[in-house]
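A.B. asks: Quick one: the structure is below, and I'll ask about it shortly.
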Amino acid sequence: MKKLALFISVICHPIIIPIIAVISYFYLFPDFFQKSIVYAKVLATSILTIFIPIVFLFIMKSMRLISSFRLPSYNERKLPLLFFLVLDLLIINYIFDIYNYKHLFYFFWALLFSGIICFLGLLFKFKVSLHTLGLSSLSFFMIYLSYNFELSLSLYISVLILSLGIVSSMRLYLKAHTLVEVVVGILLGLATQLLIPLLFIYKM
């Protein structure tokens, strides 16, 4: 059972959530953008959210700044999370602007805001579950797209919510988080994906 829980935690790792959101968005709206632009955006996002973070973690591991890739302690999570926030800012400023990629712009701003809250939580010895945060963010992003564009995405949303439930259970089984940390991750993902678009719309 433990091996299954670890496997599920790996395949649903928060590091892959951004690229899933980007690919899903372009898949749902294939006629809105040129294919060459889509490929470039997907590649750039993959490099910034998957390749570079993995290399960064390997460097940290080789320098003994972290004991495990699971980042079990509060202190071990701080630097990787800050690094992710910097990469997120790069994506917001150079890859997905608000004029041409509004919905992805909102998505990454929500991730940035939730990441900042997670970092502040670490300062107070509170470790928000990034697994549930990522999946809940992606789930509400799909709900948002479904509502905004009147798309029938019930199957996709159902799979994501089911995955969220399974991953939450696995994180608790592995004792990687407390129930409160798991629930806060879910609520934080939902809240930021809801509020950030509203804040930008209200501001504009």
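Glycine is no exception: its Cβ is also placed from the backbone N, Cα and C atoms.
Pasting the feature list from TrEMBL:
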| type | residues | note |
| --- | --- | --- |
| TRANSMEM | 7-27 | transmembrane segment |
| TRANSMEM | 39-60 | transmembrane segment |
| TRANSMEM | 81-99 | transmembrane segment |
| TRANSMEM | 105-123 | transmembrane segment |
| TRANSMEM | 153-174 | transmembrane segment |
| TRANSMEM | 179-202 | transmembrane segment |
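Context for these features, please: burial, neighbours, distances.
C.D. replies: Packing against the transmembrane segment (7-27) from elsewhere in the chain are residues 33, 38, 41-42, 45-46, 49-50, 53-54, 91, 103-104, 107-108, 111, 130-131, 133-135, 137-138, 141-142, 145, 156, 163, 166-167, 170-171, 174, 176: each is 6 or more residues past its ends and has a CB under 8 Å from a CB in it.
Sequence-distant contacts of the transmembrane segment (81-99) (same chain, six or more residues past either end, CB-CB distance under 8 Å): 18, 41, 44-45, 48-49, 52-53, 56, 105, 108-109, 111-112, 115-116, 118-119, 122, 200.
Non-local neighbours of the transmembrane segment (153-174) in the same chain are 1-2, 4-6, 8-9, 12, 24, 28, 129, 131-132, 135-136, 138-139, 142-143, 145-146, 182, 186; each lies 6+ residues outside the stretch with a CB under 8 Å from one of its CB atoms.
Note on the transmembrane segment (179-202): residues 98, 103, 106-107, 109-111, 113-114, 117-118, 121, 126-141, 144, 164, 168, 171-172 of its chain, located 6 or more positions outside it, place their CB under 8 angstroms from a CB of the stretch.
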